[in-house]
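J.: My questions will all concern the structure given below.
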Amino acid sequence: MFDSLQDRLGSILNGLTGRGALSEKDVSAALREVRRALLEADVALEVVREFTERVRAKAVGAEVLKSIKPGQMVVKIVHDELIETLGSEGVSIDLNAPAPVTLMMVGLQGSGKTTTTGKIAKRLKDKQRKKVLMASLDTRRPAAQEQLKVLGEQTQVDTLPIIAGQGPVEIAVRAEQAARLGGYDVVILDTAGRTHIDEPLMVEMANIKVRTKPHEILLVADSLTGQDAVNLARSFDERVGVTGIVLTRVDGDGRGGAALSMRAVTGKPIKLIGVGEKMDALEDFHPSRIADRILGMGDIVSLVEKAAENIDAEKAAAMAKKMQAGKFDLNDLADQIRQMQTMGGMGGMMGLMPGMGKMKDQMASAGLDDKMLKRQLAIIGSMTPKERSQPDILKHSRKKRIAAGSGTNSAEINKLLKMHRQMADLMKTMGKKGKGGMMKQMMGGLAGKMGMGGLGGGMPGGMGGMPDLSKMDPKQIEAMAKAMQQGGGAPGMPNMPPGIGGPGGLPGLPGSGGGVPGLPGLPGKKK
Amino acid sequence: MTDAPEETPRAEETPPVSTDETGSPAPVKSAGHPTSVPEAGEHHPQPVESPDEPEFLRSDAVEDDQADDSDFSWLDSDLPPDEDEDAPRSSAVARDRPLPEVSDDAGFRLREEARREDQSVAAAPKLPWLQRLREALGRSSSNLTGSITSIFTKRRLDDDVLQDFEDVLIQADLGVETAMRITDRLSEGRYGKEISGSEVKRVLAEEIEKTLDPVAQPLELDLDKVPHVILVVGVNGTGKTTTIGKLAAKLTRAGISVTLAAGDTFRAAAVEQLKIWGERTNSEVVARQIGADAAGLAFDAYDVAVKNKSDVLIIDTAGRLQNKAELMAELEKIIRVLQKRDPDSPHTVLQTLDATTGQNAMNQVDIFRNVAGVNGLVMTKLDGTARGGILVAIGSKHKLPVYFVGVGEGIDDLEPFKAKDFANAIAGIEAERQGAAAS
Ligand SMILES: Nc1nc2c(ncn2[C@@H]2O[C@H](COP(=O)(O)OP(=O)(O)OP(=O)(O)O)[C@@H](O)[C@H]2O)c(=O)[nH]1
Ligand SMILES: [Mg+2]
């Protein structure tokens, strides 16, 4: 789906190696791709336009260093400019005012205001030892006030008692009084979500501001927002003057272009990001991580986190034991496939990896898609427990039954069995060699088997080796996709988990029980 | 920070699943191979496995049973019935009342009507919702209209114009690919020629409509056997619970009885939120305490719906990001458990998409469809300035029916999805006519 910008620029600018400086023409060609990459990442068009003009000004005539390619040079300039636009990190919530300091949360419906209110309160209480009072002014959405109350109980932060029938402004005023009388350091006002073209509600919001004079007004916005991000950010900012932005759902797999859009049109800092549903899933904002995502550089950090999150420690340990015993049955294979599937299937994983964009397309065109995963699971699912643990007993009549049950045919079943056999053999060999470097061997081994020499070299070294993929020539990738499809007669996909496998194969791999540290050779983020 | 003890556990932290996934007192089963539920009718369940291999039933109980049961037990048992045969283990009951009349503009219809309608001539009623939808969409497209008009008053169609046109589509969240596809279509046979603003709009509307028309379908309810189960899924905050409330209102008003299941057992006050919608729509809400197993709740709710003789069971679920494997697996489990009651359920898996979401909405559909078998969409929050253009790309890729659009927070703010209105509004055609009428 998304090629990394580097991939794209590579194909446009690779011919330019050796020239001294970037010409106007080179830059223009590159900027077309930059534009597209930004738009695919949901950066608003008007922001893209300004941004590319700024890049143009910096790039034309820029010296291309000897050791790097012009494409990389442009990516670097774009990257630096992105980070600069996104703003510096570590702008925290400002509490530098007489107590009680009022924070007001505003935003569209469903953007995450209430959850964020709870998170900020908890953070201030735990990390800054502040006495915090939360008040919900959302009298419109059913049970919204109740929701904040429950969050208060969970985080042990006080909430303003609910009085039925009061309007938002009244509640806000009451919260202020309660905070003053109760000796609170901070009072957080959680307002109802509103559409910025809903005039009466925008007026209401402005009234709340006038009556409570908040020290901080935080715009809470979904990082998955599309082009509308500029409209909403501008409207809220014009109306009440936001002092900062909190981006939510950054733990999703969106490219996060809305961050750039909102920052660019308001000039207001992104203060915090929400990275999960738990009350402690709130982090400081790091422009470089978002910049990498927007550029489709593959956020290695989030890839690793994702893999770690998906590793079921118990299963991994059980798998390790089985492997040592040389046992890898169809249940295990099904586990692997399922892990892969739930991690977002082929698409989800590939999208996160740098340089995988092209390969994804190749694989899709070779029919190596998520449907195949589903069919493979259906086949295994139609087997009896005994058949799954002892695939050897699968003879003709059983295969016929399984084919009927899973809506497949015996050729597909045979392919699956063959692939399983190969994997099981490999596991057996590795089981004997002990734990150390098992994953490396497995990957290398499978890659070799599947004729994936190039990949085998890149992957087993850990994910840090992956960016090499982006330099692979398309023919190689094509050959690889082919190899995977036919590779030793094995059908493509399910080779993926262990093979290409970093991601798909990680879950359940021995030694990975502890999560990330178990990934051999993983050098963390590498640029 | 480690998990705060006071927080509600979510999928990854829930205690190990008992052999009975439903978490409710359930009929005794042999390990890994659920037997039929007691009320099997004349169709006795036919095990998939051939009868000459009885040992498989128990062979696995000793080693491996854990992994097996939690993963695939549902699959080893009876496969979904062949096409047109009656579901062997279904607990669904035949509806014993006459079917209600549903008006043509309801946005849903009964399977029965669908059959009838084939012969009848569809009326084209003038409806209040149409006006509302137009207003909502018209407002959101005013920007777009402005751009197109200004670009295209008597101009030759050249690359610059096409680029501007593509930009306009991109701003509506159609995405670069789709915008280019439509732009190409516009340039075909027209490149270099004079073209008027209204012609451009027409081409745009036609293209969008062409993609969306096949997916603009009413929600079809099969009430021959009830309850018809609707599972509502989607990313956090996209409007699941609100949509359920609005849909329940639509159905109950049409004389279709509804039971609601508060399957969001995670988010604070999610149960209370749905309960309020239950009161508003006179529908029973089946709920458990926060932190309870959602699949178990769905299972119970099914039985309550049967007991209530409800026509429709709508199950709310906790919002989840599509890239969270464990949470997505929880949806699979809900479905699996429901299928123990009725192999055809959930009949409808409805996904809510927020119109303000950008290109990620495509990912959302890709994965929810893959994991939870989504077979229908609702686009919410079209009452803002977001245009929801990603729906065009989703429509052309997935061909999933889009049943409704959400145009506000009120109980009546759920409209049937109409491709032409949506397309015209994006193209600015309706907005213009309205503007002309106003002046
Ligand atoms: N303007 C507008 N707001 C909507 C619409 N649909 C839902 N909302 C609002 O969006 C917010 C989130 O809606 P919910 O129904 O709670 O969303 P949900 O998907 O159930 O959320 P979670 O259960 O928290 O994941 C609420 O404030 C709703 O009132 C719509 O069509 N238009
Ligand atoms: Mg909800």
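Just so it is clear, glycine is given a Cβ too, placed from its N, Cα and C backbone atoms.
From TrEMBL, for reference:
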{"type": "BINDING", "residues": "A:107-114, A:190-194, A:248-251", "note": "GTP binding site"}
{"type": "DOMAIN", "residues": "A:269-282", "note": "domain 'SRP54-type proteins GTP-binding'"}
{"type": "COMPBIAS", "residues": "A:385-395", "note": "compositional bias 'Basic and acidic residues'"}
{"type": "REGION", "residues": "A:385-406", "note": "region 'Disordered'"}
{"type": "REGION", "residues": "A:485-527", "note": "region 'Disordered'"}
{"type": "COMPBIAS", "residues": "A:499-518", "note": "compositional bias 'Gly residues'"}
J.: At a CB cut-off of under 8 A, do any of the binding-site residues A:Gly110, A:Lys113, A:Thr191, A:Val250 come close to chain B? List them or say none.
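T.: Qualifying residues, whose Cβ lies under 8 Å from chain B: A:Gly110.
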J.: What does DSSP call A:Gly110 (GTP binding site) in the simple three-state scheme?
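T.: In three-state terms, A:Gly110 (GTP binding site) counts as coil.
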J.: Counting Cβ atoms within 10 Å of each candidate's own Cβ, which of the binding-site residues A:Lys113, A:Arg194 comes out highest?
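T.: Answer by Cβ density within 10 Å: A:Lys113.
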J.: Of A:Gly110, A:Arg194, A:Val250, which binding-site residues come close to ligand 1, meaning Cβ under 6 Å from one of its atoms?
T.: A:Gly110
J.: In the structure shown, which of the binding-site residues A:Gly107, A:Gly110 has the fewest Cβ neighbours within 10 Å?
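T.: If we count Cβ atoms within 10 Å for the binding-site residues A:Gly107, A:Gly110, the smallest count is at A:Gly110.
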J.: Over the span of the domain 'SRP54-type proteins GTP-binding' (A:269-282), how high is the average pLDDT in this prediction?
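T.: It averages 94.
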J.: With an 8 Å cut-off on Cβ-Cβ distance and a minimum sequence separation of at least 6, pull the same-chain contacts of A:Val250 (GTP binding site), or say none.
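T.: A:Ser223, A:Gly256, A:Ile273, A:Gly274, A:Val275, A:Glu283, A:Ile290 - these are the non-local Cβ neighbours of A:Val250 (GTP binding site), listed in sequence order.
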J.: Mind giving me a neighbour count for A:Thr191 (GTP binding site)? Other Cβ atoms within 10 Å of its Cβ, every protein chain shown.
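T.: A:Thr191 (GTP binding site) is surrounded by 28 other Cβ atoms within 10 Å.
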J.: How would DSSP class A:Val250 (GTP binding site) in three states?
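T.: Assignment for A:Val250 (GTP binding site) reads coil.
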